[in-house]
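For reference, the structure is listed below as structure tokens.
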Amino acid sequence: MSRMQQVTVLGATGSIGLSTLDVIGRHAEQYQVFALSGFSRLEQLLALCVRHRPRFAAVPTAAAAAQLRAGLREHGCSTEVLEGEAGLSAIASAAEVDVVMAAIVGAAGLKPTLAAVEAGKKVLLANKEALVMSGALFMDAVRHSGAVLLPIDSEHNAIFQCLPGDYARGLEAVGVRRILLTASGGPFRQTPLAQLAEVTPEQACAHPNWSMGRKISVDSASMMNKGLELIEACWLFDAAPSKVEVVVHPQSVIHSLVDYVDGSVLAQLGNPDMRTPIANALAWPRRIDSGVAPLDLFAIARLDFEAPDEQRFPCLRIARQAAEAGDSAPAVLNAANEVAVEAFLAGRIRFPEIASMIERVLDQQPVVPVASLDAVFSADQRARQLAGEWLSRHDR
Ligand code: NAD
Ligand code: MG
């Protein structure tokens, strides 16, 4: 029997973080929680610490740390509390850690995720924004450190499962013609176009198949999520953007497919529950129970497919252009999108303005090489500034 695997969960209080702890809880003889991080939901983080008894917890500020420490004392819990970015990077790279679940949402996850990669950990990547922002640097760090990078995004986990073990030789070398990335089409797939300007954040967050955090829910509604995933797939599998085709599949049962030159198309199917890709990556190359119900094909009865409608979903086109432009463009796309989604959730802009704002920011910012993390963050900051200016002009 091998020793217990020590796991750090970055973003433990989120949708992916909680699903990860659910899977870990089913295999307490194999996995031990080493550290958890939270951001604003401190009560929930406290409850998770009491339940899982991690060595460390990481929170954003000194005030949050004081509050969490007081709660931990009350519960007689000896978890040590760390603060700020340094705390996140410390729990991501500590020598005792075997596995890091990277499930912070957005650009805030980049530094700790990269710290885990640089420390050569087994990294379970949910935080797609980190890879989108810094793809070349990130994948270089994986190669140099020997980290094992496993995709959690259901589509990328599906592709990973459909590829042969030696796919790193190159997709062409292993006979792959195309990657088929499935998309549900989100809650607005059939909404009359004229009504899109009136949709509310609650409607955008009511995904037909998946229960997720608010940011990725809005991204799914605009299909920017699929755009980010296209870029994510290019980096993970060393594919040109032209080799990745988006297929709308409203049931979210096929999580993606790989099309081979001999005409074979391999797909991975399953109920839409993130515990499947989480369990797959956690135990890889073995299989463990995830708690997900078996797929009932008779109940599903049919699977539908359609081409994406780029008039309805301009974000998909904009993201593909950013993927093709490369260099700083994906980081700019991601930052502008983060600002736009936050503005939409706050009721400052209408749904279709998410795309207009991102496109305007991309048009205004020249594409430059991003050979260092500083260059990535400077592109990110500049995009946020331009997006902020767009918003203040818009508010007037
Ligand atoms: P969520 O909003 O439910 O949780 C986000 C987590 O990040 C929380 O623990 C929060 O405390 C933490 N966080 C937020 N802002 C932070 C900051 N500034 N600094 C440090 N921590 C911060 O989001 P989610 O749905 O769990 O998604 C997490 C990541 O996983 C995203 O990148 C998302 O795209 C990806 N993902 C999610 C799903 C899903 O089904 N939920 C599927 C595929 C990929
Ligand atoms: Mg996905």
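Cβ coordinates are placed from backbone N, Cα and C, and glycine is handled just like the others.
The shown structure was predicted, so the numbers you read here are calculated from the model rather than taken from an experiment.
Under the heading domain '1-deoxy-D-xylulose 5-phosphate reductoisomerase N-terminal', TrEMBL lists 7-135. If you look up TrEMBL, you'll see T13, G14, S15, I16, N127, E129, G213 marked as NADPH binding site. The annotation 1-deoxy-D-xylulose 5-phosphate binding site is assigned in TrEMBL to K128, S154, E155, S184, H207, S220, N225, K226, E229. As annotated by TrEMBL, domain '1-deoxy-D-xylulose 5-phosphate reductoisomerase C-terminal' applies to 149-237. Per TrEMBL, the feature Mn(2+) binding site maps to D153, E155, E229. Look at TrEMBL and you will find 269-385 tagged as domain 'DXP reductoisomerase C-terminal'.
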Close-lying binding-site residues around ligand 1 among E155, N225, E229, where CB distance stays under 6 Å: none
Rounded inter-Cα distance in Å - K128 (1-deoxy-D-xylulose 5-phosphate binding site), G213 (NADPH binding site): 13
Sorted by sequence, non-D153, E155, E229 residues with Cβ within 8 Å of centre, Mn(2+): K128, P151, S154, H156, N157, L181, N225, K226, E232, A233, S256
Overall pLDDT of the domain '1-deoxy-D-xylulose 5-phosphate reductoisomerase C-terminal' (149-237), taken as the mean: 97
Binding-site residues listed as G14, G213, least Cβ neighbours within 10 Å: G213
Nearest of the binding-site residues (G14, S15, N127, D153, G213) to H207 (1-deoxy-D-xylulose 5-phosphate binding site), judged by Cα-Cα distance: G213
The domain '1-deoxy-D-xylulose 5-phosphate reductoisomerase C-terminal' (149-237) - residue tally per DSSP class, helix then strand then coil: 46 helix, 11 strand, 32 coil
Secondary structure content of the domain '1-deoxy-D-xylulose 5-phosphate reductoisomerase N-terminal' (7-135), with strand meaning DSSP E or B: 65 helix, 27 strand, 37 coil
Listed binding-site residues with Cβ under 6 Å from ligand 2, out of S15, N127, D153, E155, G213: D153, E155
Which listed residue (K128, H207) has most other Cβ within 10 Å, given these are binding-site residues: K128
Tally of residues which DSSP labels helix, strand or coil - the domain 'DXP reductoisomerase C-terminal' (269-385): 69 helix, 2 strand, 46 coil
Nonlocal neighbours by CB distance (under 8 Å) for N225 (1-deoxy-D-xylulose 5-phosphate binding site), same chain, sequence gap 6 or more: A183, G186, I216, D219
